[in-house]
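Q: Pasting in a structure now, in structure tokens, and then I'll have a few things to ask.
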Amino acid sequence: QFFDGYGYHGRSFEQTYRCYPASFIEKPQIENGDKIIMPPSALDRLASLHIDYPMLFELRNANTERVSHCGVLEFIAEEGMIYMPYWMMENLFLQEGDIVTVKNVTLPKGKYVKLQPHTKDFLDISNPKAILETTLRNFSCLTTGDSIMVAYNNKKYYIDIVETKPSNAISIIETDCEVDFAPPLDYKEPERTGPSRPSKAPAEVPEAEAEVEPKFNPFTGGARRLDGKPLKQQPPPSSSSGSSDKQANVTNGGSKSGAAPSSQTSTRQSQGKLVFGSNANRAPEKQKEPVKEEAQKKEEPKFQPFSGKKYSLRG
């Protein structure tokens, strides 16, 4: 089961292994972190070297030149094999049984990291900061360009490592690290509805149309008597309507806006008896009309009861 033998040499650890996901071993907990499971021969070699603790490793896919970093959980894997989280295999573009190079490294302590969730659902969690802090306790290091997985409430959230300082790969063990969030990948900024000229144009058009349309003039029909008799009173001559127009123009300061009301007033005076909302020049005409009606009533003969001839029943 050995893969190409294990001829360790030099003062550093570097070896190639075939990688498999955590589903091949009864260790599902490694999916919630960045630690791998290595064979016992790797522990023997690492123990003979003067390396820094905690043990950190560089994982490299020679076919795609993808690089990531991780820690180690246990040394119980079969010789020539390692087990790693499936999300880490996705970052390295590795399939089951592909070859990966493992090399021990020393990483600086992180000072700053910028994260970007894939979906805005992660921000809907009641306390995403606390969930992230709990998840990162299972991590040893972070690498710029990786996408880590955060499991919460039976759901998996993927988060990109956008930036790390002071280097592209940092250690997050026992260090105070500033965390910043970028907008989620599926986040869309709301469209700002500012004041625009087209919105005002439709409002001005109806006003212009309303001025052109003729207004409703009440009580402008012909006058008729209830008893069916013809009208004795004739409408005022056109000269009076013209004079009223002039008076309306004078009262309105001679402006063009008073022309329309004056013409409407003349039609009202010539056709109907009742005019509502009229100007001051209509008041004298209203007072004259009742006087004429009273005179007309006086001229008409009144009904007088018992004014017929007398007859005797005896003959």
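Note that Cβ sites are derived from N, Cα and C of the backbone, with glycine treated the same way.
From a predicted model like this one, the values you see are computed outputs, not experimental measurements.
If you look up TrEMBL, you'll see 245-272 marked as compositional bias 'Polar residues'. Marked as compositional bias 'Basic and acidic residues' by TrEMBL: 283-302. The domain 'Ubiquitin fusion degradation protein UFD1 N-terminal subdomain 1' feature in TrEMBL is assigned to 13-108. According to TrEMBL, the domain 'Ubiquitin fusion degradation protein UFD1 N-terminal subdomain 2' annotation covers 109-184. According to TrEMBL, the feature region 'Disordered' maps to 183-315.
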Q: Restricting to the domain 'Ubiquitin fusion degradation protein UFD1 N-terminal subdomain 1' (13-108), report the mean pLDDT as a whole number.
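A: Taking every residue in the domain 'Ubiquitin fusion degradation protein UFD1 N-terminal subdomain 1' (13-108) and averaging pLDDT yields 91.
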Q: Quick one: DSSP breakdown of the domain 'Ubiquitin fusion degradation protein UFD1 N-terminal subdomain 2' (109-184) into helix, strand and coil?
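A: Taking each residue of the domain 'Ubiquitin fusion degradation protein UFD1 N-terminal subdomain 2' (109-184) in turn, the totals are 14 helix, 34 strand, 28 coil.
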Q: Could you tell me how many residues in the domain 'Ubiquitin fusion degradation protein UFD1 N-terminal subdomain 1' (13-108) are helical, how many are strand and how many are coil under DSSP?
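A: Summed over the domain 'Ubiquitin fusion degradation protein UFD1 N-terminal subdomain 1' (13-108), the classes give 23 helix, 37 strand, 36 coil.
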